[in-house]
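J.: Okay, so TrEMBL annotates it like this:
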type     : residues : note
TRANSMEM : 55-75    : transmembrane segment
TRANSMEM : 87-105   : transmembrane segment
TRANSMEM : 143-160  : transmembrane segment
TRANSMEM : 172-194  : transmembrane segment
TRANSMEM : 214-233  : transmembrane segment
TRANSMEM : 242-260  : transmembrane segment
TRANSMEM : 266-287  : transmembrane segment
TRANSMEM : 294-310  : transmembrane segment
Amino acid sequence: MFVKTGLWHIPNLDSSARIAQNPFILWEPRPSEQYIFTSWLGPFIAWSIGATNEALFLLLHLAFALVFSATVVWIAFSRLKEDQARLAVIIFVCLPASANPYFWAGNDGLTLLLFAAALALRERPLGAGTVGVLIGLQHFEQGLFGFAALAAASWATPRFGGPTVFPWRSAAATLVGILLGKALLTLIFKLNGMAVVGREGWLWEYLPDMLAQFWFRSQYILFTALGLGWLVAVRYADNGRAALPFFVCLLGLMPLVMIVNDQTRVIGNVTFPLLFAFWLTNAHFLGGVGRREAAALLLIWLVVPWSWAFEGLPTWSVLPYDLVYVANKLFGWFQVPDTFVSMWPFRRR
């Protein structure tokens, strides 16, 4: 995974770390840039334990990312047969969500960990709803769309002749928790005199640019939405009519790539609850995939380069940048930008 993607941090890491120094004040005057304050839980946890500089904030969220990955693997091997669990892990590493918290290390580590925790509590709706509150404090929009799609698909699939893939009541409970978490965050902002403009402020400021990005680069953006996961989607389509609710919900999420700047990251996170339930922990589906198909998918993943869209343009593994950066710091070799190094691997020359 690290060879294919490398390890880098999200460009607004400095802003997140600054929020962690005091998550109860609003220091950003520009409404279009205040959305980052709505990813509040991560900086609050960092503030609580004193991880208030960029390095400590990054290490904390890398720890969240590692726990997220370990949780997904643990769930697979604890709930599935061994051969099915191995296939689930192969599918997982093909999905953007598996690499997002490392390729752009930052708040995604905690967001995806909370998603995984809510999904792990599928038989305990109250527990899932409690985790949903935390999701609402961390990333309301991604949680709202992700678990709404999961609830709808889980409810509809048995009615189209498919198995009960995921308890829809658990997904609905998580969704209710997410709404409560957003209400709680709004109250926290109000009590502290923080008139925070959410992501709608950023959206209205940059909507024409986002639509232009999608219009001119839609093919690549849509491919990277699932990456090699599209091969799994083709295989899942063999379920026929029973797969319709899943595909309606999956494709219903795709228009989100038209209104965001980091297309693969956002759609990868938002689709994760749906893909986790219907692919990664669906014994009915995994049991029907042959060993040769699994081996072929793994081989393709090993050969095909990492594909990720930022501003609609292709990006690639940041591992060479990692190696150059380390060599520069240790031995003074090569040249590394003095300012805004966070965007160094993603600059267009």
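Cβ from N, Cα, C; glycine included.
Just so you know, TrEMBL annotations are computer predictions that nobody has curated.
Just so it is clear, the model here is predicted, and its values are computed rather than measured.
How buried are the listed features, and what sits near them?
T.: Long-range neighbours of the transmembrane segment (242-260) within the same chain, counting only residues 6 or more positions beyond its ends whose Cβ lies under 8 Å from a Cβ of the stretch, are 145-146, 149-150, 152-153, 155-157, 159-163, 203, 207, 210-211, 214, 221-222, 225, 233, 236, 266-267, 270-271, 274-275, 278, 309.
Tertiary proximity for the transmembrane segment (266-287) is limited to same-chain residues at least six positions away from its ends with a CB under 8 Å from its CB atoms, namely 72, 75-76, 79-81, 84, 87-88, 91-92, 95-97, 100, 108, 111-112, 115-116, 118-119, 139, 142, 145-147, 149-150, 153-154, 163, 165-166, 171, 225-226, 229, 232, 236, 239, 246, 249-250, 253-254, 256-257, 260.
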